[in-house]
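K.L.:
The following feature annotations were taken from Swiss-Prot:
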CARBOHYD  Asn64  N-linked glycosylation site
REPEAT    66-89  repeat 'LRR 1'
REPEAT    117-139  repeat 'LRR 3'
REPEAT    140-160  repeat 'LRR 4'
REPEAT    209-231  repeat 'LRR 7'
REPEAT    258-281  repeat 'LRR 9'
REPEAT    283-302  repeat 'LRR 10'
REPEAT    303-328  repeat 'LRR 11'
REPEAT    374-399  repeat 'LRR 14'
REPEAT    400-423  repeat 'LRR 15'
REPEAT    425-444  repeat 'LRR 16'
REPEAT    445-470  repeat 'LRR 17'
REPEAT    496-515  repeat 'LRR 19'
SIGNAL    1-20  signal peptide
Amino acid sequence: MRPQELLLLLLMLKWSLAHTEDPAFPHLGDSSQPLPRPCPWRCSCPRDDTVDCAGLDLRIFPDNITRAARHLSLQNNQLRELPYNELSRLSGLRTLDLHSNLITSEGLPDEAFESLNQLENFYVAHNKLSVAPQFLPRSLRVADLAANEVVEIFPLTFGEKPALRSVYLHNNRLRNTGLPPNTFHGSEVITTLSLSSNQLSYLPPSLPASLERLHLQNNLISKVPRGALSLQTHLRELYLQHNQLTDSGLDATTFSKLSSLEYLDLSHNQLATVPEGLPGTLTILHLGRNCIRHVEAVRLHKARGLRYLLLQHNKLGASALPKGTLRPLRALHTLHLYGNKLERVPPALPRHLQALVMPHNHVAALGARDLVSARALAELNLAYNSLASAHVHPSAFRRLRALRSLDLAGNQLTRLPEGLPASLRSLRLQRNQLRTLEPEQLAGLNKLRELNLAHNRLRVGDIGPGTWHELQALKVLDLSHNELSFVPPDLPEALEELYLQANRISHVGPEAFLSTPHLRALFLRANRLHMTSIRAEALQGLTHLRVVDTAENPEQVLV
């Protein structure tokens, strides 16, 4: 090297070093500061592999998306189509979210997916697709095409996907003709399939054997073909409610092979009997709103693990549940019989039953032993039946020592039942014909927190002295819509909410609430109060009071 060239090289090196250390030019020598991350306009890129363009009202696919993107969010925009060139170059995508756009099938090029050979999560729900993509990548794990207008699926839409676990197709327009027999061929680990709210007329054949959750509610299904559910031994939840199933559309083997089934919903169909072949693993059986008139014990004898049996709104009459029908159900926790035509409590209730819910029936009597077998009952609802005090045995409730909630609203009771258990927390007796309250009727209820006596015929003079004495835990007392002329005296000290609306109260004296220092809410609307009917001293000691309702009285009341 010639001396002149060497001198020039040394001068250049010196200049470079000087400017590298110059604080005025930190970007020239500071390698710790990364170059600006490429990101589409208005979008955010919180990480090198994430591009978030959600909710920007975009009408065209954004440009300048880095090839390094693994997660692309475009949901909640106005996109109608995806350009093949832009999408196909993003070959490293793992997640593509197109939820809630205006994308049509014509605007979603099948060819683009051939390049997305690492795509795992594909969300295109709430768009305008009329057919599914003919091909989706083999790498797919989750596919959500719900809430479109899809009428046809293709063999390679969901077939040959060894990693696919969840498919969502609910709220489309699928008929059975739009599902090829090999829809899920080669996809052997699918655990969740949602086909609800379509137009299927029978249960599709060749469903994946790996299924754990199958949603078929809100279709037109009238039949489950024989063997359609013979391989789904992992199925835990099956939803068939709101269809058109009849007894002839099921047979003894329909559910018998489902050896893992825990939840079966057949409500809102046209079944006249309980289905045969129920598996022993079943925990919840929902048969509400069918046409069932009779329950045969043999139909339940294998379902020994059943904990919740829901039979509300059927046509169960006086002999619908003969003695012994429920005996095999030793684990039964809850029995729903709401809205039938039962005239008595079912005999021989399971001993571990904790909730018996049967309002809106025709029950007219309660005998001494009607509930004796269900000593574990914690909730008993017999509201809106035809119970009269004369036909409720004094010992009907006496042995229910775990009972916490008793609802007898809407019956024909003229007095409180005798023998109420001390364990009660809630007692509902509204809309009866109660005329008297005596201390003996509420004796021992020192755990009661809520007492509803609304819509009866109670007068203050018919409430015996000391009636409230033992209700030491009472927080809520509803005496609305009775015939009270003033606030009942000596109310429970723990009381926090007092409902006295729609009575005949015309005056509230200074001593009215001396016994209730913890009162938080007081309702006196629609009485006979005038401007100065409430003495100022009446409310002075109520430091916790937050609500005083005196509307709809003859005059505006000063409080």
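Heads up, the Cβ atoms here are built off N, Cα and C, so glycines get one too.
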K.L.:
For the residue listed as 'N-linked glycosylation site', which residues in the same chain are close in space, meaning a Cβ under 8 Å from its Cβ, but six or more apart along the sequence?
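P.N.:
Counting only residues 6 or more apart in sequence, the Cβ neighbours of the residue listed as 'N-linked glycosylation site' under 8 Å are Pro38, Cys39, Pro40, Trp41.
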K.L.:
As a quick check of your reading of DSSP, tell me how many residues in the repeat 'LRR 4' (140-160) are helical, how many are strand and how many are coil.
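P.N.:
Split by secondary structure, the repeat 'LRR 4' (140-160) comes out as 4 helix, 4 strand, 13 coil.
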K.L.:
Secondary structure at Asn64 (N-linked glycosylation site) (DSSP, helix/strand/coil)?
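P.N.:
In the DSSP reduction, Asn64 (N-linked glycosylation site) maps to coil.
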K.L.:
Just give the helix, strand and coil counts over the repeat 'LRR 3' (117-139), going by DSSP.
P.N.:
0 helix, 5 strand, 18 coil
K.L.:
Using a Cβ cut-off under 8 Å, which residues of the same chain at least 6 positions beyond either end of the repeat 'LRR 1' (66-89) come close to it?
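P.N.:
Result: 37-39, 45, 48-60, 95-104, 106-109, 111-112, 114-116, 123.
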K.L.:
By a Cβ-Cβ criterion of under 8 Å, what residues six or more beyond either terminus of the repeat 'LRR 4' (140-160) are in contact with it?
P.N.:
99, 119-134, 166-175, 178-180, 182-187, 190, 194
K.L.:
By DSSP, how many residues in the repeat 'LRR 7' (209-231) are helix, how many strand, and how many coil?
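P.N.:
So the repeat 'LRR 7' (209-231) is made up of 0 helix, 4 strand, 19 coil.
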K.L.:
I need to check the long-range neighbours of the repeat 'LRR 15' (400-423): which residues 6 or more away from its ends have a CB within less than 8 Å of a CB in the stretch?
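P.N.:
That would be 354, 359, 371, 374-389, 392, 394, 429-438, 441-442, 444-447, 452.
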K.L.:
Please spell out the DSSP helix, strand and coil residue counts for the repeat 'LRR 14' (374-399).
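P.N.:
Looking at the repeat 'LRR 14' (374-399) with DSSP, the answer is 3 helix, 5 strand, 18 coil.
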